[in-house]
Amino acid sequence: MRAYWFDNKEGDQRELHDSGRDVNPEYLEKLGVLYYRFADEKDVDKLASDRSYKNRDVITVSPEKMGDIYEEKVKSFFNEHLHEDEEIRYIRDGAGFFDVRSEGDEWVRIRLEKDDLIILPAGIYHRFTTDENNYIQAMRLFKEEPKWTPLNRGPEVDVNPYRKEYLQTVPAIAGQEMKENNSKEGEGSAYTPDFDSYNNLLPSGQNPPHSNAHDSMSPDFLKVENTLNADGKKIKLQLPLSCEPPGPNNKTKPKVWIIFGASGHMGQSLTRACLSKGDEVVAVGRINENTIESMQTTFPHPNCFNTLCDVRVRESVSTVIEQALEKFKRIDVIANCSGYGVIGACEDQDEHEIRNQFETNFMGTVHIIQLSLPYFREQGAGRYLIFSSTSGALGVPGLGPYCATKYAVEGMIEAMLYEVDAFNIKATLVEPGLVRRDEKELASGPLPTWGHFLIKPPSEPYSDPTSPALHAKRMVQWLGDKQPTSAKKCADLVWQLGHCSYPPLRLLLGSYAIESIRDRLRSIIEELEDWKHLHHPIAPVDELDNEEDSDDARDVDMSAKPKKEDRAAKRAATNSLKAESDADSSS
């Protein structure tokens, strides 16, 4: 037997549909699904006796056995349904799949083969299919006369008394079905909640930033509803259930974190979130901006070890890792919140400023990963939470070199995931949109809007107030006025990343992040559609030459054959007309 989350991709129902995210038997038990492996049918007899099962039959599902009705039968088995009786199936030969609904209404696929026995409780929604070998022989056990009566899912079945009884037996599912705010994970790896979920990331009482995507909506759509559900209880932001976030069904143990850039606004919020939930943290401040005393003042917690580091220096990073192992004896999660950027036109930024951004953002990440990977590999587990940015997915005028560093980080992390997956090492790119500090001021005065950005005065060619090169500067000023996404609420989701079973590749935070990246992807797709005619095959040059030579010979003497340059011009004109024609037809 093997259980895993169904990938929800298109394809034949008999394919594996393997998401690569396994589900353990303990989780199945929480859904009421029991599994046994019996090599001897005497064990099946004993189980049947213990559970008062009197009758049984054997069914063979295959084209040879069922003939022309095989495909129709397999499709009927695959309709989502429930039974009013407990369902016991013992596989005598072949293999097949049982899919059962989780508490998040997602499919868990269970592959069964010879000697596997499964018990499905009455009232659970499920479905069955053979695998690609189109053959399975199973023993079905019944308490009374053998019968198979599926009740296909629908409004009337949702209130079936056996369904209600099942929900009372498994309260986690009942509670989840009542939640209207349950977020879903898309087909891709990034966690992208709906717009209402993003609004819940806002600080209390704040409205979301206005977006052209919602211009046609009523003003009420853009208001943040109070974060209470229909029962008057506070809504808790949570990763999708397919990630198996920490909660009643996924008890977690305290973890040891190293948080680089803990003195920044996201780093501070994440450090406080971890400490408040019982984790142990090595909080790493910037060696040229902080002191140990200032770090201890910021995080005066017995579970926090404060230290300093310059991520640009390999030896400095190595020292932090050694200190963490000496203090807490292990490392479970490494978060890199450190970052540095210069706001200014690409032409205005000098070599030192560009190199400093790459040394901090990209090489700093390289140092952290290369020095900790050997430990994670030996440990057989580890997790990286790398703070990237929406600037790692789209170019922002005024942040050219900074965007380049984030593009580099994203490419490296995505490639590395394939390399380290066999070692049970996971990584997530955290892509915040516009995140402001929740703490408005210190005793010394107001905090800067984005402490890790240097705003460089523009040169004369870029000094016009409407210059695109000043977009990033205007964005920072807008950020200070609007105060969008809450750093505290973002930090709570990132903490869940450190404790969930199946982290996504990307976590987008804030409505600005999802809207801007979605617009970027839409633009790329539109460009592909506009230029797809260029992928059409054309005749080889020699073939065109021969055709033109043949045409010329019919009209003029061979001695008057056009020059090669004339033929090239003709070909160019022909291709141009073809391109215009294709473009017209595609539009």
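Glycine too: its Cβ is placed from the backbone N, Cα and C atoms.
Checking the candidates H17, H126 against TrEMBL: the one annotated together with H81, H83, E87 at the Fe(2+) site is H126. Taking a C-beta cut-off of under 8 angstroms and a sequence separation of 6 or more, H81 (Ni(2+) binding site) has the following same-chain neighbours: Y125, H126, R127, P150, L151, N152, R153, V157.
Considering other CB atoms within 10 Å as the measure, the emptiest surroundings among the binding-site residues E87, H126 are those of E87. Neighbour count (other Cβ atoms within 10 Å of the Cβ, all protein chains): 18 for H83 (Ni(2+) binding site). Taken residue by residue with DSSP, H81 (Ni(2+) binding site) is part of a strand.
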